[in-house]
Amino acid sequence: MLSLIEQIKSGKLWDFPGGIHPFENKHQSNRQPIINASIPNELVLPLKQHIGKAGDLLVKVGDRVLKGQPLTQYTSTFMLPIHAPTSGVISAIEPRTVAHPSGLSELCIVLTPDQQEEWFELQPQPDFQQLTPETLLELIRQAGISGMGGAGFPTAKKLQSGLSRTEILIINAAECEPYITADDVLMRQYAHEIIQGIEIVEHILKPKLTIIGIEDNKPEAVAALQQAAQDKPMVIRVIPTKYPSGGEKQLIKILTNLEVPKGGIPADIGLMVQNVGSLQAIARAIVHGEPLIRRVVTLTGDCFRKPRNVWALLGTPVQALLNEFGYKADKKLPRLIMGGPMMGFTLPHAQVPITKTANCILAPTRNELTSSDNEMACIRCGQCAEACPVSLLPQQLQWHAKAEEFDKCEELDLKDCIECGACAYVCPSEIPLVQYYRQAKAEIRTRSLEAEAAERAKARFEEKKARMERDKAERENRFKQAAEDRRKEMQQQGGSDAIAAAIERVKAQKAQLEPTDNSVKPAIAAAIARAKAKQAEAAQSGASEPDNSEMAKLREERKRQARERKAQKGEVTEASTSDGADDKKSAVAAAIARAKARKAEQQETESAAQPAQATPSSDDADPKKAAVAAAIARAKARKAEQGTESTAQPAQATPSSDEADPKKAAVAAAIARAKARKAEQQETESTAQPAQATPSSDDADPKKAAVAAAIARAKARKAEQQETKSTAQPEQATPSSDDADPKKAAVAAAIARAKARKAAQQSSSNLNAEEKD
């Protein structure tokens, strides 16, 4: 079985799927040789004329530059410099419309030529075989050479990807696009330089075989190459004319029957493809030292009076070429297309400059090239799928692209589309399919860039967050270490930490306060127990209202303790907040606290002053307890007085114990007084009746009885007044008791007074009756 190289040398060819045979119309521009276009009045040089990044500026406005002088510099392999096409002055650096389907503006250098054609110093390398591949790649990169037959990929970067792994070098001379003849005429006139460029690339890549693929519609170019390549180990293979056989993947399929893997490049399968225009530029850059400052441009279409190929300086406005070579616009449908009718795009205006990838300016009439503005609905005929050279599904791709379903477009391998235009050419509905695909690709590319930028921003944020946390931890460690060093230093000096000392002082003060609080708790518990016992006793005796005097005392005691704790907390706060306070401040705080305590004690003493006069309490006695004791003493006094006044029932009053409640004592006293008055009235009445019945008795003296009754009434009134005063004063001393009911006491006192008055009135009426008698 023959190897692949042997099959190629034997002349075997293969074919790719799909493809079309459009009307070529190449004879308009390939009949005349290439001539130099005139130097225009202004050159517009975009900083980015290739796939990749724009270079960094080396010039500024007002600088004079020489022909071939670098205007930008590169810092990465995807950057290419641009050079001055002629000598002149930099008049502006500003955005201008560039050659792109979008019609957008990019930063450009505007050069005003001085028509002197003064060259920059060149460094030719005619003996290139003595140079290393790396040196040659660097010279190619410095010359700013990019792919001149396709998308404009940097040539040095492409060659570098095939170092030490290229087996077959393929030279693309097919030029399958209708109307375009730039490569055809270039091969006719500059075949020797093209062969020199091939030899330079062979010296860099060292392939096993070199193949030149050229369509059979270029017989003169084939003859020129065969003559220039005599005695050279190269294979010139003439292939059938079929569009798009000039595509990289399609030409590889035709010549080698190999297919580039999905998402891969030809170097992955040991192949390298270069355009004849790029090879001629490589020869000029290495052998003559000239950078890429001009290219061959085809001026064709029925609107040109003299269609031909010209050497145009990069940056030449299209309008200058139109004016020089007899362009006459169509009156009804003026159009200018950069590129061919299949893959080209319409220019927004004629001031767009020529770039490294601009190989043709097509100016057709409306009859020569019809417009595709009459888009109709898809009829699902399937011709687009049959014509696709990449075996895609153009119909489904157009649907998803129109609906902006870009995820589905990617699933259908939209990125593999070479935008050849074969599908749009055969579409009976005249749907501009390539435009939909270009827009979808641009949107997908934009979203991909945004996603990458978001990922980079996320990574930067996470790195920043980690750095901030790391810095925070380092600061905390530094602070801890510094505090530890200070503590050790103070300990060595015999001192102590001020903060620790303040904390110890606060703890000591709290420890001093704890015993006081603990001593109060048993008293509170005892008071609560007494209150509960009295409430239970009241409930058993059937009293309508329980006795809540103990709860009142308990609340008052709690309030007093709260005031004392508040004063003590104030002293503790002052002590803790002022670590370095002197003895004077402490003395002032203590004096203020003592003054507050004395004031509170005086207020409580004044409220119980009058009851305390009867029974003076000791210095340590509680004013509330003193008031209770005074009330009990008054009740005992009244009971003793009642015992002396009424001898009829001396045992009815039951003296209360020292622990009696003042309210109960008051109620008992009132009841005793009422009973005494009632007994007095009964005694008076009984005395009056026997006196009337036996007026002549020796023991009954009416005058003495009247005097005795008057004395009794006077004593009763006096006792009532003293009782009223003594009852009013304790009530005023404790007006805020929640459990005591002042209204009931007042009602009882009023009832007692009313009964006393009634008894007095009855005794007076009896006395008057006796006097009348």
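Heads up, the Cβ atoms here are built off N, Cα and C, so glycines get one too.
What you see is a predicted model, and the numbers here were worked out from it, not measured in a lab.
Taken through DSSP, the domain '4Fe-4S ferredoxin-type 1' (368-398) splits into 10 helix, 0 strand, 21 coil. According to Swiss-Prot, the feature domain '4Fe-4S ferredoxin-type 1' maps to 368-398.
C384 ([4Fe-4S] cluster 1 binding site) has a Cβ environment of 26 other Cβ atoms inside 10 Å. Taken from Swiss-Prot, the feature [4Fe-4S] cluster 1 binding site applies to C378, C381, C384, C427.
Sequence-distant contacts of C417 ([4Fe-4S] cluster 2 binding site), defined by Cβ-Cβ distance under 8 angstroms and a gap of at least six in the same chain, are V390, L392, L397, Y437, K441. The [4Fe-4S] cluster 2 binding site annotation in Swiss-Prot covers C388, C417, C420, C423, and the record cites sequence analysis as its basis.
Mean pLDDT for the domain '4Fe-4S ferredoxin-type 2' (408-437) in this predicted model: 93. Annotation source Swiss-Prot lists domain '4Fe-4S ferredoxin-type 2' at 408-437.
DSSP assignment over the compositional bias 'Basic and acidic residues' (460-490) gives 31 helix, 0 strand, 0 coil. Under the heading compositional bias 'Basic and acidic residues', Swiss-Prot lists 460-490 (among others).
As annotated by Swiss-Prot, region 'Disordered' applies to 460-496 (among others).
According to Swiss-Prot, the feature compositional bias 'Low complexity' maps to 533-545 (among others).
Annotated region 'Disordered' per Swiss-Prot: 533-773 (among others), in sequence order.
Sequence annotations record features per position, and here Swiss-Prot assigns compositional bias 'Basic and acidic residues' to 550-572 (among others).
Residues annotated as compositional bias 'Low complexity' in Swiss-Prot: 605-618 (among others).
Feature annotation from Swiss-Prot assigns compositional bias 'Polar residues' to 643-657 (among others).
Feature annotation from Swiss-Prot assigns compositional bias 'Polar residues' to 684-697 (among others).
Among the features that Swiss-Prot reports, compositional bias 'Polar residues' is placed at 724-737 (among others).
Marked as compositional bias 'Polar residues' by Swiss-Prot: 761-773 (among others).
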Residue among the binding-site residues C388, C420, C423, C427 whose Cβ has the most other Cβ atoms within 10 Å: C423
Distance from C423 ([4Fe-4S] cluster 2 binding site) back to C384 ([4Fe-4S] cluster 1 binding site), taken between C-alpha atoms, in Å: 4
Length of the line joining the Cα atoms of C378 ([4Fe-4S] cluster 1 binding site) and C388 ([4Fe-4S] cluster 2 binding site), in Å: 16
Pairwise Cα distance for C420 ([4Fe-4S] cluster 2 binding site)/C427 ([4Fe-4S] cluster 1 binding site) [Å, integer]: 14
Helix, strand and coil counts within the domain '4Fe-4S ferredoxin-type 2' (408-437) (DSSP): 17 helix, 0 strand, 13 coil
Inter-residue C-alpha distance, C388 ([4Fe-4S] cluster 2 binding site) and C427 ([4Fe-4S] cluster 1 binding site) (nearest angstrom): 12
Among C378, C381, the most crowded of the binding-site residues [Cβ within 10 Å]: C378
Listed in sequence order, residues not in C388, C417, C420, C423 with Cβ within 8 Å of the centre of the [4Fe-4S] cluster 2 site Cβ atoms: G18, C384, A387, P389, V390, L392, P394, I418, E419, G421, A422, L433, V434, Y437
